[in-house]
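Before any comments, here is the structure.
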């Protein structure tokens, strides 16, 4: 069995392809991110994903089924109990989460806020899901007058604290956030990320500064990335991948501004000589369009991404493997603003495929991690079944 020198793993954040078998348990019956976007757009123009077999998985309006798909294709079912970014990504690399990260659409519970008040001696305002810029307009002046902490969340599992640098210096804000990070690891709260959000300026002209600091959670166990790094293989994390794994197993981290920058960095990485994995997350689908329930923006972003795919395919060597998937759904016509529990597409491409075949449905995202592990002859993860032999 041939092995691949480089694996390029692309996660189209939140690009689900229809309700998961257990969608009802998550109040996501009927969710279909790709399908509903395509309906809204009166058809998606994605010929390159189409040629790889996207509509062979599920017929997507506007995308023709490929007579001879260039890639192997199927869907994957999430095994972990959750539908958030970290749960999906950690599972892709072989780690399951039994207790889902929590979101707080109605704000954080009083018992958590009371601990923060007691620790800091400060009041708390906000305590609701909000845009970072909007909440500063609403509460920034009050914060400057009182010293109260502005605490808010989003549709993700996140606790954010905004403070003016002249009222609470960044170092003090970081200490408060470190305390919050510790107490929100409790199973009662299970907050995925705590973020310090310092800002400056006067009322009406507040600006967030680059002193933002994220307090993520380290994965609860070892992932395939740890094994790769320990064996001297390269793990190039592009976009928010390094944050999602809190740097664990990452040998090079490349930040990105948006999806198109992510694709630029992927193309540059294809020009590099390395042995290992490049791991890209395209976050705009989720952050800019899914949560904001913007099917038009989401559809246009998908089409922009598709238009860049030929640059990737053209640069692939014969011993390169490309895996395209997603981490959950985020149907922009579904109720609420949260992710949706969906099947995700799996598209596997290399230059040696004469005609792509439908693979067996994968019963866990961890099959990707198992495949990468078998390819590089490293220790297999606890979960997942390799499909390496099926894609030769």
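In case you wondered, yes, glycine gets a Cβ from its N, Cα and C as well.
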Additional site residue, 334, 335, 339 [criterion: listed by TrEMBL with 286, 291 for Mn(2+) 2]: 339
Cβ-centroid neighbourhood (8 Å) of the Mn(2+) 1 site, 13, 327, 328 excluded: 11, 12, 14, 15, 16, 84, 85, 88, 89, 286, 326, 329, 330, 339, 344
Residues within 8 Å of the 286, 291, 339 Cβ centre (excluding the Mn(2+) 2 site residues themselves): 13, 14, 85, 155, 156, 287, 290, 328, 330, 337, 338
Spatial neighbour of residue 339 (Mn(2+) 2 binding site) that is closest, considering only the binding-site residues 13, 327, 328 and their CA atoms: 328
Residue 286 (Mn(2+) 2 binding site) and residue 328 (Mn(2+) 1 binding site), distance between Cα atoms, whole Å: 10
Lowest local Cβ density (other Cβ within 10 Å) among binding-site residues: 13, 286, 327: 13
Pairwise Cα distance for residue 291 (Mn(2+) 2 binding site)/residue 13 (Mn(2+) 1 binding site) [Å, integer]: 12
Fewest-neighbour residue among binding-site residues, criterion Cβ within 10 Å, set 291, 328: 291
